[in-house]
Amino acid sequence: MNRKKIVSMLTVSTLVGSTLASPITVMAQEQPAQQTVSKANKTTKSVPVNVRSIENPELFKVSSSVYTHGSYYRFDAFDTGDMNQFSYSKSLGSTRELSMDIGQLFMALRVDEEKQEFGMASFKKDTIQSWPAYVEQSIDTEVGKEYTFKTDVRMDINGYGNSKPTIVTVDVFNDGYWNGQSLYAYSNKVNSASITFKATSTSTRIRIQRDYAEINVKDFTMFSGITVKKSDKQVEIEKQEIDAPNQKAAREAVNNLFENKNPLGNIVTGLIQQDITNAQNLVNQVEDATQKAALQKDLDEAQKQLDARNAAAAEKARQEAAETSVKELFNNNDVTGSIKDSTNQAAIDNAQQKVDAVTDSTKKAELQKNLDEAQRQFDVNYEYRLKGLGDNTFATIDISMQKMWADINIQAGAPHVYFADTYASIVIQDKAGNEKYAKTFIGADTNQASSVRVPLAIGDEITTYHREATSGSTDRLEIQNEKTKAYLEAATTITYVVTSQGLVAKTEVQAQDKAREAVNNLFENKDPKGKIMDSLTQAEIDAAQGLVDQVKDTTQKAELQKDLDEAQKQLDARNVAAAEKARQEAAETSVKELFNNNDVAGSIKDSTNQAAIDNAQQKVDAVTDSTKKAELQKNLDEAQRQFDVNYEYRLKGLGDFTFATIDISMQKMWADIDIQAGAPHVYFANNYATILIQDKAGNIKYVKFFVGTDINQASTVRVPLAIGDEITTYHREATSGSTDRLEIQNEKTKAYLEAAMSITYVVTSQGLVAKKEVQAQDKAREAVNNLFENKDPKGKI
């Protein structure tokens, strides 16, 4: 048979393939046809399932695809038997309608693929009688399996006539027979039909028929929600068949978690969480709810027991870790003894964290008690141990400076039965004398064991009395610094004061207070950081030193000594300054007294001698201030220079301006030439003056030419002299008159030597002598000597 398809075969193949590839899950509830029909595959939409799901695809197909057979139209999905001669085809929205009109007979078949419904109308035109019409569809089935066919039926009043109730039959051809169910189709309600059958063939025919009815029935009988699938019973059977291996594997895995494979017993030794997880994965694959619940119950019991076992093991580990940490705080890990010297707060805090992690309340309380003892011992800075008969410790006082408390622990029993009266006592009072705690121990009286904690504050006093406290090697009162292990002083009666530095003997506190007061009194406003008192004397510092020396506490003593040293330093500085001032004044007076009118800018006194200069030098040497000393030395050097000078040349220029001097020292044999800045005489454009020094052989030692208009730079030069050296001066305005501008003066006798425009003086052992005078003396000596034999005036003529 040649069929010309209206829809392509590719589309049909795609739809069929999609249907087969997307089975409906067993557990999914069927939905109304209009909600579950897929326009793409023309079959009930399938829902994805996991690998354990039962395949239950929709078998009945509602498709609007048509093909042509000769000159007739036919639907792909439906067979209408002898009435397959549809001549007409039309589309009504999403609905396709095929109809036939042969003589007195009329039949129409409508299919709405989108809504997954179809309808039939059939009648004779002469209205003499109605006649039946049907559609059939063959579906694939599996022999022996049970299926359910369902459909909803109603009348559509929008048909070809007046709606009337119509008899409808739905049939399943199975095992050689039609097995059907008849029902009425109404216009005002929906009727439903359902047939369950067991397939006897691999292909089963489904028929839906509009039967005989009343005359004039022309409306469509509509069928919707059409489904043919495996029955619920069949699905359950298949599910059980598939689920049985899962149940078996899960039960075996669960049973293996328990001893003797008995879920009512205990879990096996060595069970781990992964074992339970693996079993849980198998239980999760079981579909049967009852079996799954039973398996889950047993699995939950295994988990519960494992959790309990793990919790117990974890708790045991926490307890062991905490116990180890606590014990390690004590010597020899003995919690009844004393803590190690190395135990610190960090170690205690670490142990506390581990104790906090313990959940067993009884064990936790035990551990906390031991840890609290370690903390208490760590907090203790000092311990008093009061001993009695047989060195039995009848009382202790533990002092914590960090937490400021005193724990008094009294042991049960009598301190010392040989003493019928007061054997010992403990008194704690504040700095105002108010009693905080008091206990008297009668030697023969029996005490009850007790402990009390007394809050402490800075300034509190702890006084102990003990009949056998002697500070000797057998002393029965021990006061020990628990951090340094050093023993504090003990005595029959002794008082210690609570200070920021710890316990300090009251006598020591008093000594510190006296020393502090004495040191503070050395300073203004009693502030050791300030200045010393103006009236402070060395005797006051010495007195304070004596009090500081009585302080025993090395730290306090060092602080006091530091402040006292500062006072001494300031006093020494003050005394040094005063001494320096006195030295400077003495030196300045001695230097000034070398000069006329005490004017160091002038000339020295005639009475000034070397002894006076040396005396002044000693006083200048004693000055320590470098600036003042340099100033004094400069003035003293000038005095020495002037004292050393025997002769002075003064060369003057315009306005009697002294533009150069020559100072001659016969004792030290030098000539100092000092040239002043400026021009000698601007009226003289050429050589105005000259200084020439040469030895007796005529070798020049020094020479200077002064052009009157040339500006000289200030300078000083010292020229060594020797006997026989000649000093020659030239001066344009040297006339030896009252206005002479060249002066040559004997600084010792104040007499002026002869001056001239050009004059030469010779250095002799008698001083400066004019060269012409030397020459006259030489000639006279020669003449006189020649009068004697051998030119010896002491001999014969």
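Keep in mind that glycine also has a Cβ here, set from the backbone N, Cα and C atoms.
All TrEMBL annotations are machine predictions without curation.
Bear in mind that the values here come from a model prediction, so they are computed numbers and not experimental data.
Cross-referencing 74-101, 214-241, 550-577 with TrEMBL places the feature coiled coil at 550-577.
Range with TrEMBL annotation coiled coil, chosen from 272-319, 416-463, 656-703, is 272-319.
Which of 138-167, 348-377 counts as coiled coil depends on TrEMBL, and there it is 348-377. Remote same-chain partners of the coiled coil (348-377), defined as residues 6 or more beyond its termini with a Cβ less than 8 Å from a stretch Cβ, comprise 315, 318-319, 321-323, 325-330, 335, 338-339, 398, 407, 482. Averaged over the domain 'Putative mucin/carbohydrate-binding' (386-503), the predicted model has a pLDDT of 94. Look at the domain 'Pesticidal crystal protein Cry1Aa' (511-573): DSSP puts its residues at 45 helix, 2 strand, 16 coil.
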